[in-house]
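Reviewing the structure listed below.
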Amino acid sequence: MSGPDAETPSAIQICRIMRPDDANVAGNVHGGTILKMIEEAGVIISTRHCNSQNGERCVAVLARVERTDFLSPMCIGEVAHVSAEITYTSKHSVEVQVNVMSENILTGTKKLTNKATLWYVPLSLKNVDKVLEVPPVVYSRQEQEEEGRRRYEAQKLERMQTKWRNGDITQPILNPEPNTVSYSQSSLIHLVGPSDCTLHGFVHGGVTMKLMDEVAGIVAARHCKTNIVTASVDAINFHDKIRKARDRGREEAL
Ligand code: COA
């Protein structure tokens, strides 16, 4: 997939060195850390694009991430290069393509670790329930718009078809037998703080994905009883916002 024009402001690149607290005991950077960096790049470029005209100010929220594969490991000490570009705009959504490369700064070797596609929706800063219109992106080739529209229509169809699956929750069983689903079933509790949240006071999609990756990793490690890594993540839809604890308390008090 190639975006409208890499020279336009619809492309950004950020880089960060990987530290021990980004990684597991074997030194592999967590899938969740990479997903969080991907989402950070996505929210910057989509929010910037959605505010590029003199309309109502907004923040773009993550609505969906397409399936992504973790193609090669990233290790402590390597530099993550995260590049993002807008590849399609519908009336109310922005498609962002994010590529992640790992660079060994001692040898100069670079490897592609991820390619991810994310969809953002702009919400008014004054009214978080108001979805705003997206300024259309300028394509350098007409086929890019047609290919983008096909991806947009395909994900809309997939969302309608999978809606019924979203209520599935497995209930925990007490004293489960080893190697059963219940045996490795796990949960995490996280108190949402200001650094987890957007300007609207909602938890960043990247923070949510990091938590999802952490708990999934615990389940996989409990089952396999060894070190594990994230190999791929299926498509994720963000149906509702997670609010900061203080905001929720204030709302309940009203
Ligand atoms: N994936 C991709 N696009 C989506 C989507 C999804 N899961 N859900 C909605 N959209 C798009 C629609 O296609 C539509 O664009 P279009 O008119 O160009 O087709 C646009 O969003 C608005 O759809 P609408 O049905 O009016 O909005 P909604 O009531 O479904 O709200 C969200 C959409 C994303 C605002 C809402 O689901 C939400 O708040 N989700 C949580 C977001 C969040 O907290 N993310 C993490 C924090 S950044």
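Numbering starts at 1 and runs along the chain as displayed.
Quick reminder: no glycine exception, Cβ is built from N, Cα and C everywhere.
TrEMBL lists Asn24 (among others) with the feature active site. Sequence-distant contacts of Asn24 (active site), defined as residues of its own chain at least six apart whose C-beta falls under 8 angstroms from its C-beta, comprise His30, Gly217, Asn227, Val229. DSSP assigns Asn24 (active site) to coil in the three-state reduction, outside any helix or strand.
Per TrEMBL, active site is recorded for Asp213 (among others). The Cβ neighbour count for Asp213 (active site), using a 10 Å radius and every protein chain shown, is 19. DSSP classifies Asp213 (active site) as helix under the three-state reduction.
Per TrEMBL, the feature domain 'HotDog ACOT-type' maps to 8-126 (among others).
Annotated domain 'HotDog ACOT-type' per TrEMBL: 182-254 (among others), in sequence order.
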